[in-house]
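**Student:** Below is one structure. I have some questions about it.
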Amino acid sequence: MPILYFGSYILIVCLVIVCDQLTKLWILHNFQLYEVREVIPDFFNLVYVVNTGAAFSMLADVDSPWRHYFFLFIGLGAVLGLTVYTYTLRKEHFLHMVGLACIVGGALGNLIDRVSYGYVVDFLDVYVGGYHWPAFNVADSAICVGVVLYMTMTLLAGNKEKKQK
């Protein structure tokens with residue numbers, strides 16, 4: 001894999017981490033825990049909540065000292081596995097790499113929170129009427145965008161290969 005290609009991967013990972021951590025620091029310095037500020041009425045708020053669980057607060061209610069280490073182990077394993085996999089990609093799979101970099105950057109952003117605070121800082125609250133999507137952050141958004149981009153490019157690559165046969 002060319003250095004420039006993998007350098008792009010590292011750059012995207014770092015950009016995601018910086019954006020994630022800067023937005024979280026802003027929330028931590030400008031909001032009280034559970035404070036809500038309306039941004040777009042009946043659609044979007046900024047909030048300050050903490051998530052001791054995984055995505056959508058899964059396992060947040062499990063009272064075990066091992067839960068923290070479990071999340072760290074899974075997160076680090078995913079980061080290492082995806083980085084090794086990315087290193088094996090051919091350069092024509094650039095958008096696959098971008099998707100994986102977004103996933104890894106998001107995972108590292110949330111891992112930084114877990115190590116620093118023991119929980120993940122969430123602050124984006126999207127809702128319609130009384131239905132609120134669970135609060136999330138820039139790292140979570142990057143992970144979702146990365147998954148969608150990677151899956152889309154994989155499907156398109158599969159269709160391209162079928163047409164060539």
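Any Cβ shown, glycine's included, is placed from N, Cα and C.
Residues annotated as transmembrane segment in Swiss-Prot: 2-22, 39-59, 69-89, 92-112, 138-158. Residues annotated as active site in Swiss-Prot, with sequence analysis given as evidence: D122, D140.
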**Student:** Given a separation of at least six residues and a C-beta threshold under 8 Å, show me what packs close to D122 (active site) in the same chain.
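**Tutor:** Set apart from D122 (active site) by at least 6 residues yet with Cβ under 8 Å, we have V47, V49, V50, N51, P134, A135, F136, N137, D140.
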**Student:** Which residues, given as numbers and ranges, are at least 6 beyond the ends of the transmembrane segment (138-158) yet have a Cβ under 8 Å from it?
**Tutor:** 16-17, 19-20, 23-24, 55, 93, 95-96, 98-110, 113, 120, 122, 124
**Student:** Take the transmembrane segment (92-112) and find every residue of the same chain, 6 or more past its ends, with a Cβ under 8 Å from one of its Cβ atoms.
**Tutor:** 5, 8-10, 12-17, 20-21, 24, 72, 75-76, 78-79, 82-83, 85-86, 120, 137-143, 145-151, 153-154, 157
**Student:** So for D140 (active site), how many other CB atoms are inside 10 Å of its CB?
**Tutor:** 22
